[in-house]
Structures are given as structure tokens and as C-alpha cells.
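Structure record follows, encoded as C-alpha cells.
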Amino acid sequence: MAAPRISFVSLGCPKALVDSERIITSLRSEGYEISRKHQGADLVIVNTCGFLDSARNESLANIDEALKKNGKVIVTGCLGADPDVIRQVYPNVLAITGPQAYESVIQAVHTAIPPVHDPFIDLVPPQGIRLTPRHYAYLKISEGCSNRCSFCIIPTLRGNLMSRPISDVLREAEKLVQAGVKELLVISQDTSAYGIDLKYLETPWKDRTVKTKFFDLCRELGNMGIWIRMHYVYPYPHVDDVIEFMAEKKILPYLDIPFQHASPTVLRNMKRPALVKKINRRIEKWRIICPDLTLRSTFIVGFPGETHEDFNILLEWLDEVKIERAGCFKYEAVKGAVANDLGLESIPEEVKENRWHRFMAKQQKISTHLLKKKVGKRLQVLIDESQGKIAKGRSQYDAPEIDGVVHISSRRPLRVGEFVTVKIERSDAYDLYGIAI
């Protein structure tokens, strides 16, 4: 009997991508084949995003496409936390589950298509099924978030912080390293809060016990001999303690910190930490300890009540702090977010657009200036794409998908997943260009 075939669509953030990998790994272990084509598949699973209206619309469009091309659809993910929204538009979907509802998804698949499992065939590699290239992987250390930012509905969709015991995380990391992964990208909703909900539970690891704690996680991952990149790190005071690991090159000198804004007024309205001057002093301290540190962040412009003065404070802050990598979003009202009920004046779309362009122009100048300082240096680069002697890769300063790249010319063919030393010859606003040596 032919194995049942399932088409899979994964939408949204890296956390959702990890959810998709877990579901696919479970399905493959039971004998299901995974396809990228809806036509000819026995059913389609759509892992949705429901954070912004634009993401909800994209999710609904993908459900619509799956129904038209296949007809049998299971919906999971963040949009599934509000099943009525989906049922009102698409009443014929087979099942709807919320985020991280792995077992419910598998049960829904079993109901629609019973598994055909051959116990004599090893269907799944030790590291599980990955949707990223083989040389890097996302390592999700927790679910949910216990913060209550006024613009965000993640706690509603995914619940409060639920950390994985550190021994589980380290076992997964070790398997990935053994499978050939060269870079682990540590992700969660609030990475630096890791373990707080478990009261820093101690668990056995190899010949010792380790605490389920951000510091211990960084220390242990830093001993695995590969690139470790930290994402979604709130600037809590204890983050200071891990900068030393970066200076020692145990983990990459890279911190992804969602600052969101620099105006204390806007930050208070966002229910975010508003001690900007204190954070600035800590950034100065970090850069003294680790001069090679790269900071990446995201910001929101056009938040309700944001004045011209607030926005100018943000631009001045960019000039002062000079974040190496920054992204910017125009504020979108999210259904169910507290920000909708604060009674603050909405910002017109044309004003949001203007502020977004001004932010990006400012950051582009900063990035251009900072990247020029890399010209003439030799950097270790991990190859992401290769066309023989022409390749693209990333240095320690860049995460996949969201940051810049290094364009490489080489005398020999370069392989995806290998490290090469590159002499940087020129730069532009976001990328570097060099020759492999």
C-alpha cells in the first residue's frame, strides 16, 4: 500500500517553523510522505499565523488555495486559536487546532487518513525533519510569553511562558550538532526569561546538573563548538552576564533585542521597559566588554499616540546608539490587543508611511557607515548559497533571512554549509563583498 501523502504549508515566524518541523517529524515517523504540492496529496495541513491582520489574511488565502486545489484541509497555528474566524469563511475544513497543539494535529490526520507504518524502515533521521537548510537550525527553548505588551496577543495565542527543561534542550542541540548543523539560532518569545517559570529547575546533563536558566543555557551551548546565535532577548539586567561568553567567542557576539521604540512615553504605552538611559548605559558596557558585538532590533512606528516629538526621539536614539541591524514595522491594530482600548489617538496611514521611510533612511545611513569599517578585514563566513565559484554566505554579524549577506568570489567551488575566510573588498548599505582566501 502506498504511503499517505500530506502537503504542508508553514506560515509565520521561526517559532511556527519549529512547530511545523515537529509535526512533520511525527508524521514521517508514522509513515506519512510529505509533499509541497496540494494536488495529488491526501490532505493539506496549513500552519497559520494570526498576529497581524496582514498575516491573518495571508493565512486565510492559503487555506482558500488548499481547499480549491485539494479539498481536504487541517488548520493549525495561531489563527487556529480563534476557530470561529476560520469556520465562518471555510466551514468545510476537516479540523482546526491552536498553536503548539501537536497531538491534536496528529489525531486529526489519523481520523482523516489512518497511518501506514513500516517498523522495519527508519523513516526519520536522528535530528528530525528540518525545513531549514542542513547547516543551520532553529532551537526553540520555550513556548508562550508572560509579558503583556499592549500591542501583542502572543500570550492569548500561546499562553504564558513555558520553558523546556534544559536537559531536553541540550539533548536536541547535541543531536543537531551530530547531524552536521553548523549554527543554532536560539528562539522563543522571551529568550532571556528562560527558566523563570520553572524556578530554574536543575536537571542532570552528562556528569553534572545544570539549571534551566539563560546563563547556564548560554554556557552549555557555548561548549558545543558551533555558532550559537541568540534571538528575542529582552534586555533584562542578567543579560549582562552572558556578554563575557561573546567576548570569549563561546557564543556569537550577536544579540537580537526587540527595543520597539526609544520614546519613554511610547514605551510606557506599549507596556515595555521605558528606562532608555539605563539601557543605553548597559549597551555601552556591553560594547566595552565585547567590542565586536552586533545588536539587531525591531521597531514600531505609528503606535497610537506617537507624536512627532516621540518619533524624533527615536531617530535621535538611532544616531546615538547606532544599532548595527534594525527592522521597522508600521503599527497595525491587532484584534484583542490592549492597545486598542487605551484611548490613544490613531496615527494616519500616510504619517505611518512617512515615518517608516524616514526611519529606514536613517538606519540605512548608519548601516552603510558601520559596514564600511569591515572593508579590508578577514571574516569567517558560513556559505548559504553556492553557484560554484560564486557564493553567498553570512558572517557572525548576520542571521539568516533578516540581515545582510556576504557576496563571495572564489578560485575554487564553495559548498553550502562550509566555513571560508573572506577578505572584504567593498560594502553597500546592507551587504559585504569579498574574495575567499
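Cβ atoms are placed via backbone N, Cα and C, with glycine included.
The [4Fe-4S] cluster 1 binding site feature in Swiss-Prot is assigned to CYS13, CYS49, CYS78; the stated evidence is sequence analysis. If you look up Swiss-Prot, you'll see CYS145, CYS149, CYS152 marked as [4Fe-4S] cluster 2 binding site. Look at Swiss-Prot and you will find 4-114 tagged as domain 'MTTase N-terminal'. Taken from Swiss-Prot, the feature domain 'Radical SAM core' applies to 131-369. Residues annotated as domain 'TRAM' in Swiss-Prot, with sequence analysis given as evidence: 372-437.
Look at CYS145 ([4Fe-4S] cluster 2 binding site): DSSP puts it in coil. You'll find the Cα of CYS149 ([4Fe-4S] cluster 2 binding site) roughly 17 Å from the Cα of CYS78 ([4Fe-4S] cluster 1 binding site). CYS13 ([4Fe-4S] cluster 1 binding site) falls outside any helix or strand according to DSSP and counts as coil. The CA atom of CYS78 ([4Fe-4S] cluster 1 binding site) is located 13 Å away from the CA atom of CYS152 ([4Fe-4S] cluster 2 binding site). Per-site Cβ counts within 10 Å over the binding-site residues CYS13, CYS49, CYS78, CYS149, CYS152 peak at CYS78. Look at CYS78 ([4Fe-4S] cluster 1 binding site): DSSP puts it in a helix. CYS49 ([4Fe-4S] cluster 1 binding site) sits 13 Å from CYS152 ([4Fe-4S] cluster 2 binding site), taking the Cα positions as reference. DSSP states for the domain 'TRAM' (372-437), grouped as helix (H, G, I), strand (E, B) and coil, give 1 helix, 32 strand, 33 coil.
According to DSSP, CYS152 ([4Fe-4S] cluster 2 binding site) sits in a coil region rather than a helix or strand. Shown in sequence order, CYS152, ILE154, PRO155, ARG158, ASN160, LEU161, GLN189, ASP190, ALA193 are the residues of the chain, 6+ apart in sequence, with a C-beta less than 8 angstroms from the C-beta of CYS145 ([4Fe-4S] cluster 2 binding site). In three-state terms derived from DSSP, CYS49 ([4Fe-4S] cluster 1 binding site) belongs to neither a helical nor a strand segment and is classed as coil.
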